[in-house]
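*Asks:* Before I ask anything, let me first share the structure, which is written out below as structure tokens.
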Amino acid sequence: MDLLTLTTIATLLPIYRYLLVFIFVIIEGPLITMFVGFLLAHDLFNWLLAFVIIIAAEMVSDSLYYLAGYWGGKKLAEKYANFTKLSEKRLNFLKHIFHNHPRKTLIIGKITHMAGVPILIAAGIIKINWWLFFLYDLMATIPKTLFFLIIGYYLGQLSEKINSYLTYGTIIFSVIIILIFIGYLFIGNYLEKKLIK
């Protein structure tokens, strides 16, 4: 990669960092959210703007899963059963739960990361009202996003502390090595003088 390309990337990254966050959160939400929280600890993002963008990206991502189920139906669930984890039996079970407890099902599905995708797709297959889906999903997305941002933020704070401890540790270690070396020289000279006498 030549210098011009690196310079271009370095210039564009601050400008497009929020767009990149939006795109990457659609692909993998919680991990990127924690990473943004980590960067927030180093003042590389604005808290409110990052929070709003992450929530928007999460809602787009979840809506895409919903729409995949809505338009793809049972055929999609069967064709991609390894990914969707939606067997006929599980889909019937979710249909029953959705009709009795749509809010709880969506919120718990969103909060529990592993159950999230199958529940979001099942909501589309079952054809839950999209506005209710959106509302319940948003109710779960806001605290979940805040949770992962805070975890990332504290990991970022911790990294600064560890870095300062490492800096102090390196200085102390260097001073000890220098003192040992000086001591070795003086002891060596002292012993040499004693042996010569």
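Each position is counted from 1, following the chain as shown.
Keep in mind that glycine also has a Cβ here, set from the backbone N, Cα and C atoms.
Below are the features listed in TrEMBL for this protein:
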DOMAIN    32-153  domain 'VTT'
TRANSMEM  15-40  transmembrane segment
TRANSMEM  47-68  transmembrane segment
TRANSMEM  107-126  transmembrane segment
TRANSMEM  133-154  transmembrane segment
TRANSMEM  166-187  transmembrane segment
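Show me how these features fit into the shown structure, please.
*Replies:* Sequence-distant contacts of the transmembrane segment (47-68) (same chain, six or more residues past either end, CB-CB distance under 8 Å): 18, 21-23, 25-27, 29, 32-33, 36, 40, 76, 110, 116-117, 120-121, 123-124, 128, 130, 133-134, 137-138, 141-142, 144-146, 149.
Using a Cβ-Cβ cut-off under 8 Å and counting only residues 6 or more beyond its ends in the same chain, the transmembrane segment (107-126) has close neighbours at 30, 62, 65-74, 76-77, 83-86, 90-91, 94-95, 98-99, 133, 136-137, 139-141, 144.
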